[in-house]
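S.K.: Quick one: this structure, given as structure tokens, is what I'll be asking you about.
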Amino acid sequence: MNAEAVARRQKKYDKDLRERAKKYRVGERVSSKHVSDKKVRATLRESQNLADEAATAAATHEKWLASEEPGVLEADEGERTYQYQQRDIVNNVDVNAAKKAFDLDVPGTGRYYVDYSQNGRELLLGSSEGALSMMEWQRHYMISETDARETVKDVKFLHNEQFYAAAQDKYTYIYDKRGLEVHCLNDHMHVNKLTFLPKHFLLCSIGNQGILRWQDTTYGKIVAQYRTKLGECNAMTHSNYNAVVHCGHKNGTVTLWSPNQGTSLVKMLCHRGTVRGVAIDNGGKYMVTSGSDGQVKVWDLRTYMPVHAYYSAQPSDHIQISQRGMLAVGWGSTVQIWKDALSTKQNSPYMKHQFSHGQKINSMKFCPYDDVLGVGHTRGFTSLLIPGAGEPNFDTFVANPYETKGQRREQEVARLLDKLPSETIQLDPDAVGKLRAVPKEVQAERRQQAIEAELSSRKAQRDKNEEKTKMKGKNRTSKRYRKKQLNVIDDKKLAKMEAKRLREAGITEKRGGVAAPGSTAGAASSAPYAPEGTSKALRRFYK
Amino acid sequence: MKIKTISRVEEDYTRERKSDALRVHRNLAPELRPMGRATEYKRALNATKLDKVFAKPFAGQMSGHADGVLCMAKSPASLTELVSGAADGEIRVWDVPSLKTVRVLKGHRGACRGVSASNDGGAVVSCGDDATIRLWTMPKAGMGEMNDPTRKIPVLETSEMYVESNGFRDCDAHWGKKEFATAGANVQVWSMERSHALHTFEWGSDTVLSVRYNPVETDIFASCGSDRSIALYDVRMQTPLKKIIMQTKSTKLCWNPMEAFNFTVANEDTNLYSYDMRKLDIATCVHKDFVSAVMDIDYSPTGREFVAGSYDRTVRMFDYNAGHSKDCYHTKRMQRVFCTRFSMDGSYVFSASDDMNVRCWKADASAQMGTLSAREKRKHAYNASLKDRFKHMPEIRRIANHHHVPKAIHKQTKLRRTMQEAETRKAKRRVAHAAPGAEKKEFKPARKKKILAEVE
């Protein structure tokens, strides 16, 4: 290969890396040109270079080491992808993947609620009749099974598969992996929806009373509980991006909550009629809501503005977004999957699945790190293959579907060490750990205010002092004597008055010149005039 | 129909046998790590707290002297050798790893005030109150000698001796040549081969307390005098170069080995002052925190930090450009500290005090000692950069800046702060309320305030 071709290839490679690195760049690029301080400029430049290097290294890693490709489904000519049935898909994928599509048909045991553990290995099912079961679904291995003996209204894994919470008839309970009841959370009453914030170890619930509660699962304390004052709530989820909880209400609003504020952070009027489902994409940019008005709306969470809206045949109760941004909408016994439906308006769904008549969908969940959508319904549970839904490359240190016992334990400790305090939950997650720069104008204003406050307090003190009746020392002998002397007019005083009168009239009395009449005291009046240069002390002996 | 789904075969992702290494798969996508900044802040906070948990700086002590230890010298040629001189005239050579005495050097009849090891580590020069300078050959321990439990410490009494008429306060060996300088009634430069001083520098009639050769421009050296002066000399010129007079006496001086035009003096007014030798009218930095006279200072070989000991019974570590100490070492039994030294690898510091002991401390109180694995090193580096990144956050700053100090020192610090504030307030008010037309009183910054005069 000649040098030119090598250079061309290198250029292409660099361009590719640059493109990939954009995603990994942390923080915005700041120009250091305007910084006058040499040291600050150098530090800034160095940190920028470091961030660039890190981004390039991550991009290189992605290019060469993150080798798994996401799933794809492409239609042949004249066909559409939504025409393919699950049957077709299962017949066309490899045996290993085909095993992931299965059906648990248990009619008459209630409606099923679904949850996957964070690494996607375990599946949790809870039926409205009270059956709770946890399984390693890929191996078709039942881990535990228990009967709550009352209605179960939602199930949720806690930080790993060791514990899960179930919202039951009255209270919420925590079970361990073996299916033994560990805690009864009797603060969480009549709960309809549960969600778990894994970074903060907070279990969040809302139910018939419309009270939103966050409970710390590490030490059991209720971190915050607020009345939404909007009645019963059946739609709740949290944003992965900033851990803010989104609740959909009967009056058509969606409210955003953080445990640090007693009122909602944001209130959005999303639908005419009840909000039935809320879902947020992995990056925290889009929210999708479904309402009783039969609409499915996509919202931009940076501007809180609607992006576009879709119609569903019936009002849909179930909305889910997968790791790679696929939107699943379910109503009645129909599931539709939409691809790229958040950023752009799509005209047709990517996939469809129709359950048999009378098989009503009750709950849906995408399996993390896999191309699977788990659907709980009135006849049990069905696992659907959705090519391209899940993230193909997992990270051992984030969520590992193949983790060993030792790894799980280490992970648990590491997560507990990194547990974020609930105070950090806010709309902008990057504001944590930042020093807020106060603008110069505000600084000046504050300084001015401080000065004014100081002056006014001084004035107040002065006024107060002046109001005081000064009695102390008024009756002193010397004071009384001096006061008496004020009215006595003697020669000295007369002389002073005369001198003042003359001064005002413009006549200046000269030392050693003719004395003004009455300017000297009686006995000294016949004395000779003081010679030039007489000291002050001796002057009283002269005229 | 073109179709592909995620299809992982378990065998590709798990190990075959338990003895195999676990497979690690990475995906560095930011979406998998939400709230990264908050997590990093939390980690920085944890790292700062752990630093305090692991802060166990005391490494060991070397006891054996029968009187207060006044001076120490480290050998530039060896990491393990340390020489100390005591107030009874006894000099001990230590083997630092075993904390044992290698040899006792006996000869001085009064207090030994200064010791210094020659650049090649072969000779030790000592001087003292008995007006003698003694030259010793640096004794070495025999093979396996230090491990012998029945060993008796050998005493050496043979040395070359130069006698003068006045007592000496300090001595320092030249960084290259076989020469050394002494401080006493005057400053003298000696050759190790001749029994008479090569040069004698006199400037005023007061005692000179300390003398230090510049490690880079080796012909230049500096001294501190009891006339409150800091003077610079050049051996190539027969006269002293420059001198500044400060308000209080400087006890000891040390050059920054990496930026050898900078030096720091330990002052009796509880502060240390860093100077640029080219610009002596203003200190580059005032290092505060002690509550009593500072007795000695020594720079780390990296030049980024130094250690100082004080009469208030504490040893403090400073960054070379920081106004306040980054750590404070003390024990209940440690008395007035007379001398401090950094080890030649910059990882330990030594302090010699009135309680007849030489103590060995870690230079970084929470540093993990011993051989570190690559993972441990990476983790430490990661934590260090996080701490640096979030060091301005109030919570982290509060924890990092907190040091436990003895109650007496804590109280004294508070009192001093009150006094200092009152003084500053008064000075400012004097300037502000000076009568119109009166001579404008200048408000002097702390870096300038203590300098009285500069003499050429």
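Glycine is treated like the rest: Cβ placed from N, Cα and C.
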S.K.: Quick check on the annotations: TrEMBL lists region 'Disordered' for one of A:250-291, A:334-375, A:502-543. Which range is it?
M.R.: A:502-543
S.K.: Among A:1-20, A:61-80, A:421-440, where does TrEMBL put the label region 'Disordered'?
M.R.: A:1-20
S.K.: In the region 'Disordered' (A:453-483), how many residues does DSSP call helix, how many strand, and how many coil?
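M.R.: Reading the DSSP string over the region 'Disordered' (A:453-483) gives 22 helix, 0 strand, 9 coil.
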S.K.: Using DSSP, how many residues in the repeat 'WD' (A:268-309) fall into helix, strand and coil?
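M.R.: Breakdown, helix to coil: 0 helix, 25 strand, 17 coil.
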S.K.: Would you mind splitting the region 'Disordered' (A:1-20) into helix, strand and coil residue counts from DSSP?
M.R.: 18 helix, 0 strand, 2 coil
